[in-house]
């Protein structure tokens, strides 16, 4: 970044914002980059501002029982705030004084007042000076207030972030990620631009009092008629506002429904394509869109009348003020023109400025109170450690995640029983609730000495992760004692990758030791993976590390924990995503050898790990089931496997699981709302399911993963598009909103890779931060960076003869705080938080406007209609002028009406009224025409929005995966949320305003040109200057806006990243490191935002200066060239003032239109995406009703005579090559093999070898070459949809969308209830579905959060059974499953798919043992394709992975003659607790 010219700028340069000229010039000539932006002043840095506010807030907390955040803000910013407020007031006062001088100038042309003619020129000079003074006062004042608002936002951003890192886990579990982002976006947004309006609360009353005093002097009591009308108008607008709020609330629910389904569709687009659900999803979303648009139209009409009421009120204000006085006393011309000018100022103050100011204060105080409540929430308390102890001891420890559960369930049950429902099964729904709060851990005792390994095992939900949380201090024990040294390292169950390089992720801010680092890399088996990257370990990983496989992420996470020098290592199921061989190697080399001298607690259920552990702790339902050594376990608890894992008690187990699931559901739906929910209030919010899921989404626009991925708010609209809070009302005229979105800024955690093998996060709308922290989203973007990470080496050359273990054990330097400010610059940060750069030009092209206008043919006719009415209005005004011009002098005094603006002009004398009545008649007619001309325009523009949404949705659903993989899910969702909302809400009324203002200016110029042709000559260069200035500014402005928007992404991404890794952050003590990173992200955004504000003020000031020059010219031309016509001077000067203020508004409005049209450009970009191959490449006849045509059957003799394909499931693969993108590197090369009908094939290979990719290639979800035949039919000879329907799919990432059970199982409604129930029975879902009210019609929301992961897998299995597919693709179906569900899946595969071809990708050996053939993939190619016997006889990967016990199971006859094998204890499930509901971990 460059040094800012502001530092050396003179006072004049600062006053006129001339210091921004270099950036404006550069932006006009070339594209701006981040390096072109100026550095921020030190006073605006996040460090300084946050320190200042934090100091005052701490002082407030220390001194008062009820601390007020507003007091801390007042002490920081009050005096500067008031100084700029006084400047603003003085600027507004000049507006009130201008009409006085205008009246004196007009009066000087009165034939009876000739003595004042000589001073007219001086009055003109005075009037012009007032304009100059106003310009010099207003612009610095507005900029100063915006600047203070920015500083307040930055300080509070930082304060909230710091508080977030300190919150206790219990508090985090009650706060949704959406609420946190809401605090950092819409609430704080109110300060940025709202602060400039805040002063009008006291300025407007003073201004109204001054104006009414001046008008009283002219018109006496009749002045209050106009004021009365304005007050009535303001109340009318308030009423319209309330009506609009009602429609907004109704519509918000519908938008939520649509966006939830859309986000689920985008997130699971691969599954949608695999299931061939494109048409079903499109129909579902379009139906919701239709309902939404009905309310959109109603809201738009109300807003239109609200907006047009202001435009058309000017005539009535003047008319009502002047008429009573004229009828009673008669009136002179000077008073009319002076009154018109006064009324213009009065109208703006009463109907616009005051309501905006009140709304600003209401919003700001509400935001401050919310932030204040948040800052007082309970903080995380670190346990008291004993640094001298070397052992880890737990004595009689009991802990609860939450107290008061009993009351909650009791009240919820009563509430449910009181509810009148048509369903008799509600009692079932609550029948299994425990009415007592159960401890997550109870009476736990163990003791391990230094250097020992404790293995913690247990079933899903037993409390293993909670045990580690308690040791770390995240969970407070209610009873008992915990003792350890406090120097902890932690590896999370779900690997957490921060944006940065691999090296930075492993070192994690700790001092760098080259040799320790290398030993850790080797022990964690990362060397081979790192060597594949061109930048080695300096490759920059985006959010979540999307380019890495799940196993690679898990190993990096483990390496981070191992690299830190600690006394106690907590490893929470670190091997969940590793293949058997890699897991075995890492356990031996890392956990057993490298860390041999360290105290380790490993959560695992693998028998091999239990055997090697010094001590074993087995948990069951939160209690200690066993504690001791492995040999003791075999002797004392021979039944522990079946007891814990529930093999012998399926019915009881599933009932318990359902109980925990529904209990968690009740808790989640009961804890909604922004404020802390007391237990006594929960009955109002108890769990409720209805036929429509929209009711529960009143405050949510995105489901939680999209809350995580993207939070967007629409600009300039009261509709809140990120929908976090229901009581947050955005000001109507918000120019910018600080919410992440891509082009207008988007915070995106990019879509999960379609072939990623890591964990997935099921969508939940009100997902708590705690749940967020227990899930990993495999998202991010790979960015290549040339420069290596800047890290400081602190170790010297290794001493001779040091072993790897010695090097590892050597204590690292205690100096762990890197010099962050020196080592992390904005460029690095920007790279880490990489975001897609849009290839959209800085200014909207004419082609975009043309395409937009021609989307709907009616729009052209509506625009012509608007033009015709405008011409009629101008013609009527000119006719009246002509009529007056031809009136005999004695009758002069009639009426001139210029219906160009709402600013009516009356010229009358008391002698005659008949022209006055003509004027009123013409005005009323034209008013009615003008009032309703905008309605067809608004209506048609909403129809255009409807068409564009439909086209874009169709385009996204039909786009190939190679295209969708290059886009981030947040970016796609932004098109459907933010951009469609702009097309629905903002664009119609902004275009209406612009057209209205443009026509007003043209009409006024036409009238002035008729009256005084000289002024028309002066107007032309001014308009040319305005157009040139706009074009010059717009180039830079839009680029700065783009950079500013992109600068928001790091802020919100960093917040979410920090929350996801919060336990890791705290365990490593890296909060200060991350606070500094956050401040860097804030400063990066501030630099862009400050420059945007400065250039915007430069532009506004230049417009004002042109206006002042024009007005000076007009004033002196009219004074010097007009003879005895006071009426002509009055019309010219009044219109000149109005022309220029309206022209300024029109220019600003045109910039708004251009900015909003960028949304249209983005939508068109998506509409123009390539589509998937919809037709076969060879010429064939179409298929009908799911069957191939007769011609196809004849051509393919393999197809049976009953016309059904596929019939057997034989599959032949020839030279298959797969790529992610066209022209990219092949991921799979020359794959060839064949599968017989009904055969089971297992895919083998290391993590990341391409097993899941092969399954995607079968479905043609990638760019493929080669050929695949099914039952003799080649994939080139039939359509894509028909090909995919041949497969049944159980994907790695389970897809449950918001809708009923029936819709989720059969979205096309092809099957009867009997058939669905039969299949549900087959897969073990009947008992689950029957537990819910409504059964098949029960509405699942938020990715099916009421279901366990196992139940979701069974849903996918049921879909495959219903599809009657002959080939089944299973991608790790047992990942995260409890053994019961796993047994159901195995049983169903044997029964329902007995005669089907099955291709299985699986890490569990026992599942693979059922396959007849195995396909081994290594280095993108087929290494082996053989039967299990051949693989076991050779030195293959499979032979290395399989244990002797599994070989005994496979071939018992080979061992029968040898010694009898020892009884084996079945391996415990290595589960990841992703779906544990009752412990919320």
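Cβ coordinates are placed from backbone N, Cα and C, and glycine is handled just like the others.
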Where Swiss-Prot places N-linked glycosylation site when the choices are 386, 894: 894
Membrane side match, residue 121 / residue 1121, Swiss-Prot record: yes
Transmembrane segment per Swiss-Prot - which of 196-216, 259-279, 364-384: 196-216
Residue from 432, 801, 900, 1230 to which Swiss-Prot assigns N-linked glycosylation site: 900
Per Cβ pairs under 8 Å, the stretch of 78-98, 196-216, 299-319, 859-879, 1096-1116 packing most closely against the transmembrane segment (223-243): 299-319
Contacting positions for the transmembrane segment (340-358) when only residues 6+ beyond its ends and CB under 8 Å are counted: 95-96, 98-99, 102-103, 197-201, 203-204, 207-208, 211-212, 214-215, 218, 226-227, 230-231, 233-234, 237-238, 310, 313-314, 317-318, 321, 731, 733, 903-906, 1134, 1137-1138
Among 78-98, 123-146, 299-319, stretch most in contact with the transmembrane segment (196-216) (C-beta, under 8 angstroms): 78-98
Among 299-319, 1096-1116, 1131-1151, stretch most in contact with the transmembrane segment (1014-1034) (C-beta, under 8 angstroms): 1096-1116
Local Cβ density at residue 462 (ATP 1 binding site) - other Cβ atoms counted within 10 Å: 26
Proximity of the transmembrane segment (1096-1116) to the transmembrane segment (991-1011), 3+ C-beta pairs under 8 angstroms: no
Within-chain partners of the transmembrane segment (123-146) [C-beta distance under 8 Å, separation at least 6 from its ends]: 15, 17, 80-81, 83-85, 87-88, 90-92, 94-95, 97-98, 101-102, 104-105, 108, 192-193, 195-196, 198-199, 1093-1094, 1097, 1100-1101, 1104-1105, 1107-1108, 1111-1112, 1115-1116, 1119
Secondary structure of residue 464 (ATP 1 binding site) (DSSP, helix/strand/coil): helix
Cβ-Cβ under 8 Å with the transmembrane segment (1131-1151): same-chain residues at least 6 beyond its ends: 98, 102, 105-106, 337, 340-341, 344, 896, 898, 901, 903, 905, 907, 990, 993-994, 997-998, 1000-1001, 1004-1005, 1007-1008, 1011-1012, 1015, 1019, 1023, 1026, 1030, 1033-1034, 1037, 1100, 1103-1104, 1107, 1110-1111, 1114-1115, 1118, 1122
Cβ neighbour count within 10 Å of residue 493 (ATP 1 binding site): 26
Other CB atoms within 10 A, centred on residue 464 (ATP 1 binding site): 29
Other CB atoms, at most 10 A from the CB of residue 401 (ATP 1 binding site): 24
